[in-house]
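J.: Just dropping this structure here.
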Amino acid sequence: MTITLGKSSKEEQTLFDTVDDWLRRDRFVFVGWSGLLLFPCAYFALGGWFTGTTFVTSWYTHGLASSYLEGCNFLTAAVSTPANSLAHSLLLLWGPEAQGDFTRWCQLGGLWTFVALHGAFGLIGFMLRQFELARSVQLRPYNAIAFSAPIAVFVSVFLIYPLGQSGWFFAPSFGVAAIFRFILFFQGFHNWTLNPFHMMGVAGVLGAALLCAIHGATVENTLFEDGDGANTFRAFNPTQAEETYSMVTANRFWSQIFGVAFSNKRWLHFFMLFVPVTGSWMSAIGVVGLALNLRAYDFVSQEIRAAEDPESETFYTKNILLNEGIRAWMAAQDQPHENLIFPEEVLPRGNAL
């Protein structure tokens, strides 16, 4: 008998292998390497938002009450942006503005940059989580690719737009009413609804809702009646391998309705992926354009020319009237650093706006 002496064929695990095994272990809530980014950032972003909406005022940045402590409700509470005078400062707690004073940091709007940056990295961590899990179970990464759409919208609206303007002040505050105020601002100062990138975004979102409704109804309509259960949910074994609905019947139905229909499940579902993701990406691209103050669709160029050239003619539409009304109504309070004062006769009155 021959005995071979030597090293074991199985090498000892390195520290990296040990950590990798622990992070990617099969457990109720998967952690993974992406979790090192996702969980801390999501925790801090949500914690900062709950803290800000509960306790922190916006008196020093916007002249507003914005917390539950001051009497706001879920609709009016917000984590408000820093003052315009702070420009694009990261407002670090230990930075020159707050100098380690937590109360001062909150008063200056430090929670907004805290929530925005941790929120952005949290969303990126969630997309990486989908990549990591897809790779580990040998799926294609289309979930992660689809999630790039809300990330693009968040980053363009909350980070790129204010970076193109004079400061974080012009980003949306984190609150329900604050987001609607920001939408009004976008319309009044950028004529956003007439922007073709916004139109593509609306087409994507509403088109996706239509596709989702049609798809869900069609699948329900064409379920095989081969179960004994009283309803859809009891008629099938949840782990059965066979199809539960008839693609052929669905194709025949829609061919009769429209004259055309999806005949391939892959193309159908890719289209349902493509429509909302592309629409959201187009909206994000449009917001980047607004960050740079591109003036193609907001009529400001026509208004300036009309003001400078008496012989210039322009259509004075209800759209222009709406935008001028929004600007007059919002500007004085929305941009307090400009010290704008409008005479009473030019401001909207009664129920005009």
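Yeah, the Cβs are placed from backbone N, Cα and C, and that goes for glycine too.
Just lifted these from Swiss-Prot, have a look:
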type	residues	note
BINDING	His118	chlorophyll a ChlzD2 binding site
BINDING	His198	chlorophyll a PD2 binding site
BINDING	His215, His269	Fe cation binding site
BINDING	His215, Phe262	plastoquinone binding site
TRANSMEM	41-61	transmembrane segment
TRANSMEM	125-141	transmembrane segment
TRANSMEM	153-166	transmembrane segment
TRANSMEM	208-228	transmembrane segment
TRANSMEM	279-295	transmembrane segment
J.: How many neighbouring Cβ atoms, not counting its own, are there within 10 Å of the Cβ of His215 (Fe cation binding site)?
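T.: Taking all protein chains shown, His215 (Fe cation binding site) has 16 Cβ neighbours within 10 Å.
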J.: To which of the binding-site residues His118, His198, His269 does the lowest count of other Cβ atoms within 10 Å belong?
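T.: Result for the binding-site residues His118, His198, His269: minimum number of other Cβ atoms within 10 Å at His269.
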J.: Please tell me whether the transmembrane segment (153-166) and the transmembrane segment (41-61) touch - that is, whether there are at least 3 C-beta pairs under 8 Å between them, with each pair 6 or more apart in sequence.
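T.: Answer no: the transmembrane segment (153-166) and the transmembrane segment (41-61) share fewer than 3 Cβ pairs below 8 Å.
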J.: When you measure from the Cβ of Phe262 (plastoquinone binding site), which residues in the chain that are at least 6 apart have a Cβ under 8 Å away?
T.: Asn251, Trp254, Leu268, Phe271
J.: Would you mind pulling the DSSP three-state label for Phe262 (plastoquinone binding site)?
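T.: Coil, per DSSP.
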J.: What is the interatomic distance between the Cα atoms of His215 (Fe cation binding site) and His198 (chlorophyll a PD2 binding site), given in whole Å?
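T.: Between the Cα atoms of His215 (Fe cation binding site) and His198 (chlorophyll a PD2 binding site), the distance comes to 25 Å.
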J.: How many Å lie between the Cα of His198 (chlorophyll a PD2 binding site) and the Cα of His269 (Fe cation binding site)?
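T.: Computed Cα spacing between His198 (chlorophyll a PD2 binding site) and His269 (Fe cation binding site) is 24 Å.
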J.: Write down the Cα-Cα distance for His269 (Fe cation binding site) and His118 (chlorophyll a ChlzD2 binding site), rounded and given in Å.
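T.: That separation, Cα to Cα, works out to 33 Å.
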